[in-house]
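Taken from TrEMBL as is:
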- 1-10: compositional bias 'Basic residues' (COMPBIAS)
- 1-41: region 'Disordered' (REGION)
- 35-104: DNA-binding region (DNA_BIND)
- 35-104: domain 'HMG box' (DOMAIN)
- 53-86: region 'Disordered' (REGION)
- 70-86: compositional bias 'Basic and acidic residues' (COMPBIAS)
- 103-138: region 'Disordered' (REGION)
- 123-138: compositional bias 'Acidic residues' (COMPBIAS)
Amino acid sequence: MKGGKTRAVSKKSESKLGVKMSKKDKKAAKDPNKPKRPPSAFFVFMEDFRKQYKEKHPTNKSVAAVGKAGGDKWKSLSEGEKAPYVAEAEKRKEAYERNMEAYNRKLAGGADDDSDKSKSEVNDEDEEGSGGEEEDDD
């Protein structure tokens, strides 16, 4: 039984050693025009908290310390105190969804609009040209 396991392991290691592809090669390229995902209520809170923390602790450069303090503060907030951040996150989410719909329409319709436009222009020109010839022949 051990022989079967070692063979499977060796096959896996051989396939890994054969062709090396990085994760960057496997992933599709990101579209820079795609809207960014909206922040959660916690991240909306952290935007304000970072400003306050910087004012109180101007010499602290540690990102980890700010994050830890922000997380502790967020946990200690009541639902009522979190409500404005949740509302702001919802607004940003709705705006993101509208932007994504427009982005997806642009992607789906972009190629179709160009091809339909070119087809209609060609058809219009054919109709005008053939119509003009028919009128001249009469």
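For all residues, glycine too, the Cβ spot is worked out from N, Cα and C.
Across the compositional bias 'Basic and acidic residues' (70-86), DSSP helix (H, G, I), strand (E, B) and coil residues number 15 helix, 0 strand, 2 coil. In the predicted structure, the domain 'HMG box' (35-104) carries a mean pLDDT of 95.
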